[in-house]
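Read through the structure below, which is laid out as structure tokens, and then see the notes.
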Amino acid sequence: MEGTNNTTGWTHFDSTSNRTSKSFDEEVKLSYQVVTSFLLGALILCSIFGNACVVAAIALERSLQNVANYLIGSLAVTDLMVSVLVLPMAALYQVLNRWTLGQIPCDIFISLDMLCCTSSILHLCVIALDRYWAITEPIDYMKKRTPRRAAVLISVTWLVGFSISIPPMLIMRSQPSSMAEDRANSKQCKITQDPWYTIYSTFGAFYIPLTLMLVLYGRIFKAARFRIRRTVRKTEKKKVSDTCLALSPAMFHRKTPGDAHGKSWKRSVEPRPLPNVNGAVKHAGEGESLDIIEVQSNSRCNLPLPNTPGTVPLFENRHEKATETKRKIALARERKTVKTLGIIMGTFILCWLPFFIVALVMPFCQESCFMPHWLKDVINWLGYSNSLLNPIIYAYFNKDFQSAFKKIIKCHFCRA
């Protein structure tokens with residue numbers, strides 16, 4: 001989004017020879033143009049390829065054709081429009097360090113820039129909203145999660161984008177002051193610096209969606225953590241509860257040392273239920289030995305030996321390790337959720353927050369605020385790079401998309 005003047009400041013060195021100074025400046029400018037053209041060209045091509053692969057994967061792979069992926073596909077189409085319609089003109093403006101296409105193409109460029117970038121940001125907000133509904137209202141929302149609903153959400157993103165991008169072209173440009181400014185700065189192509197429009201556009205395109213995304217993903221994390229922990233608790237409760245046999249020493253009778261089977265205890269058992277005990281006990285007849293085949297328990301029965309007062313331990317806790325393992329798995333899932341949400345929000349904020357801070361602040365302090373032109377350019381292209389990163393975050397990390405991409409690369413769909 002061209003919120004600032006896209007010009008690059010170069011340092012000129014004084015020299016006794018004007019020719020030497022001019023030659024040095026041309027060499028620096030040529031090297032800058034070559035390096036910049038290569039970097040921006042690579043960014044544009046990678047962005048086009050990545051988003052085109054996402055669109056092709058959803059169109060060709062039936063397993064990917066669901067509402068959640070339709071939203072991701074629409075995001076890819078929007079970022080593809082940014083890559084094809086906006087970035088080439090922005091790159092030309094950046095490399096030449098001046099606008100050479102005229103005023104009407106400048107107006108079209110600014111409108112497309114704001115429309116596509118705003119729609120891309122709002123798509124991220126819609127995807128967050130869809131995920132929030134899916135995880136907080138899984139049963140009810142599954143009935144409402146239809147392609148028609150997805151189409152409505154996508155339409156809203158474009159309508160909001162139009163409401164933000166059209167005013168600069170149709171309203172602001174018709175003002176006499178704006179026309180006079182355009183004639184005075186024919187080599188520049190920048191958005192209007194009107195303070196009221198700046199507040200309206202920056203809050204509508206970024207700050208409100210950012211706030212909504214932070215709230216939604218915060219609640220998604222809380223809901224996901226609650227469901228993970230509830231699943232672990234349910235798994236523990238579903239374990240079959242058996243009986244931990246509490247035995248009193250007075251109920252036992254030791255056989256004489258001469259008995260063939262050595263020491264054993266006479267069967268006199270009082271069953272007492274304890275939580276989470278799984279086991280199999282072979283009950284012997286009167287005068288026979290009592291054999292314990294296998295016992296598993298989630299809570300250790302710390303029972304004393306027969307020659308001490310109290311009850312006698314017959315069972316070992318075999319499920320403690322399993323329970324601890326499940327807790328570790330649950331913790332790993334929570335960490336993965338935090339990592340995923342952190343990547344989504346971190347990338348979005350890193351790419352767009354610097355740009356919108358500059359876009360909001362600079363119109364109010366044009367004379368007192370100073371920022372190097374190179375820093376403005378870096379911030380500007382950092383925002384554009386979000387169109388390259390979106391397909392990586394939302395699609396390439398998805399295993400279903402990965403298999404579809406492999407088919408596309410191997411031209412599996414072509415043979416089919």
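Cβ atoms are placed via backbone N, Cα and C, with glycine included.
Now, the feature entries from Swiss-Prot:
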- 1-35: topological domain 'Extracellular' (TOPO_DOM)
- Asn5: N-linked glycosylation site (CARBOHYD)
- Asn6: N-linked glycosylation site (CARBOHYD)
- Asn18: N-linked glycosylation site (CARBOHYD)
- 36-56: transmembrane segment (TRANSMEM)
- 71-95: transmembrane segment (TRANSMEM)
- 96-104: topological domain 'Extracellular' (TOPO_DOM)
- 105-129: transmembrane segment (TRANSMEM)
- Asp113, Cys117: serotonin binding site (BINDING)
- 150-171: transmembrane segment (TRANSMEM)
- 172-195: topological domain 'Extracellular' (TOPO_DOM)
- 196-218: transmembrane segment (TRANSMEM)
- Lys339, Thr340, Gly346, Phe397, Asn398, Lys399: 1D-myo-inositol 4-phosphate binding site (BINDING)
- 341-364: transmembrane segment (TRANSMEM)
- 365-372: topological domain 'Extracellular' (TOPO_DOM)
- 373-397: transmembrane segment (TRANSMEM)
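Taking the features listed in Swiss-Prot, we show where each one sits on the structure.
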residue	record	contacts (Cβ under 8 Å, 6+ apart)
Lys339	1D-myo-inositol 4-phosphate binding site	none
Thr340	1D-myo-inositol 4-phosphate binding site	Phe397
Gly346	1D-myo-inositol 4-phosphate binding site	none
Asn398	1D-myo-inositol 4-phosphate binding site	none
Lys399	1D-myo-inositol 4-phosphate binding site	none
With contact taken as 3 or more Cβ pairs under 8 angstroms (pairs 6 or more apart in sequence), are the transmembrane segment (105-129) and the transmembrane segment (36-56) in contact? no
Kindly assign Gly346 (1D-myo-inositol 4-phosphate binding site) to one of the three DSSP-derived states: helix, strand or coil. helix
Quick one: DSSP breakdown of the topological domain 'Extracellular' (365-372) into helix, strand and coil? 0 helix, 0 strand, 8 coil
Extent of the 1D-myo-inositol 4-phosphate binding site in Å [max Cα distance among Lys339, Thr340, Gly346, Phe397, Asn398, Lys399]: 22
Are there residues at least 6 beyond the ends of the transmembrane segment (36-56) whose Cβ is under 8 Å from a Cβ of it, and what are they? 72-73, 76-77, 79-80, 82-84, 87-88, 91, 94-95, 381, 384-385, 387-388, 390-392, 394-396, 401, 405, 408
Summarise the topological domain 'Extracellular' (96-104) by DSSP state, stating how many residues are helix, strand and coil. 3 helix, 0 strand, 6 coil
DSSP-derived structure type at Phe397 (1D-myo-inositol 4-phosphate binding site), helix or strand or else coil: coil
Beyond the flanks of the transmembrane segment (196-218) by 6 or more, those residues with Cβ under 8 Å of it: 1, 114, 117-118, 121-122, 124-125, 128-129, 131-132, 160-161, 163-164, 167-168, 172, 341, 344-345, 348-349, 352-353, 356, 359-360, 363-364
